[in-house]
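Novice: Here it is, the structure in full.
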Amino acid sequence: MLSAGIVGLPNVGKSTLFSAITNLQVEIANYPFATIEPNTGIVNVSDERLDKLASLINPEKIVYTTFRFVDIAGLVKGASQGQGLGNQFLANIREVDLICHVVRCFQDKKIVHVNNTIDPVFDFEIIVNELIQADFELITNRIGKLKRKAESGDKIAKEEFVLLEIVLNGLKQGQMPIQTLSESELKTIKSLNLLTAKPILIVANVSENDLLNLDNNEALKKLNAFLDQKKIPKAITVCSLIEKELSGLKLEQRQYFLDELGLKNYSGLNRVIQAAYQTLNLWSFFTFGKKEVRAWTFKKGWNAPQCAGQIHSDFEKGFIKVEVISWDQLFAMKSLQEAKKQGLIRLEGKNYLIKDGDVCNFKFNVT
C-alpha cells in the first residue's frame, strides 16, 4: 500500500490534520515533539464514480481504494545532524512514497511557533534544506563505495556513479532530483530511498476566518508565489481545526456545520487525499458485481495484465482477455446487460492500457 508522510516544523498543525484524516485520536500538544513514534492511519479514497456504480446494483459491499498516512514528528533546523531526534524522524520519511509537507499560514498567539514568526516560505526551506543535507551525506558515502567498482569498468556501478555525481552537484545548488531527473533515472537510484527524490505535496494550514477570504492571507500569497517560482504546484489550503471538528460529526451533520460557518463548498481534507493519490500518478479501475463493487489502485500507464495482478497474482500469470467498459457508459446504461446489448463492452488483450475509471472483468486461466 502506498503511503504519504505528513511532515513539517513543530506546531504547524500536522497531528491535528492527521487526526482528522484518519479519525484517530493522537496526542496533540502545544510543544515540540508531541509525536515521537510515527502514527499510522489507513484512509478510504472517496470516489463518486464508485458510489454511482454501486447505486445501480446495491452490492453487499462497497470497497474503496485505500491510502496510508503517517504522522512524522516535527522536524527542526539541524535534524540532518541529529537535532530534535532528527535522524530518527528522517529515517521515518525514507519509508514513505510521498511527502505531505504542512506549513503554517495562520496567526494564533496561543500556539507558539518554533521560530517565533509566521513565514511559510522560511519554514518550507528549513525542511527542504534538512532533506537535502541528509541526502547529501548519504550520496557522498555511496559515491565513495562505488568509485573503485566504477573505475574498474563495472557498467552498472559506473552508471549509478555518474548519476549520483549529477544529483550531488544539483543538491549543492538546492535542486531536488524529483524535479530534475527523468523517471528512468529516478528508478536507477530508487534503492537509496532519497528524501529529495520523493514527490512533495504542500498543505497550507490556515485559520477558519482565512477560509472565507484566502486573498487576505498574506502568508499564503507569499507561499504560493514562491512555489510558482520554483515550479511546484500551489499549496492545498485546509483548516486543520475545522477538519478535526468535522471528523467527529456524523456525515449528515457535517454539511450543516459547514453551512453555519459559511463554508458550503469547503472540501480541504478530501482534496488533500485526492491530491496525494494524483501526485503519485495513481488511477483506479473498478470491478462490478452483486457481491461487491470495488475500486483498485494502479499506476498510470499499466497494461491489463499488470492491473489484473492487483486483484491476484494468478490473474496476471494466466491473463487471457479483459472485458472493459468506461464507468460513465455503464452508469448511463444502468446495467451490464443493457451495455452488452448496445455493444459497449469491449474485449481487450494484454497490450491494452487500462484507463482511469474503466470497469473490468478479467478472463484468466492458470493450469
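Residue numbering: from 1, along the chain as shown.
Just so you know, glycine gets a Cβ as well, placed from its N, Cα and C.
Okay, so Swiss-Prot annotates it like this:
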type	residues	note
DOMAIN	2-258	domain 'OBG-type G'
BINDING	Asn11, Val12, Gly13, Lys14, Ser15, Thr16	ATP binding site
BINDING	Ser15, Thr35	Mg(2+) binding site
DOMAIN	281-364	domain 'TGS'
Novice: Which numbers of helix, strand and coil residues does DSSP report for the domain 'TGS' (281-364)?
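Specialist: Helix, strand, coil within the domain 'TGS' (281-364): 26 helix, 35 strand, 23 coil.
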Novice: Tell me, by DSSP, whether Lys14 (ATP binding site) is helix, strand or coil?
Specialist: helix
Novice: Could you tell me the mean pLDDT the prediction assigns to the domain 'TGS' (281-364)?
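Specialist: Here the mean pLDDT over the domain 'TGS' (281-364) amounts to 96.
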Novice: In this structure, which of the binding-site residues Ser15, Thr16 has the fewest other Cβ atoms within 10 Å of its Cβ?
Specialist: Thr16
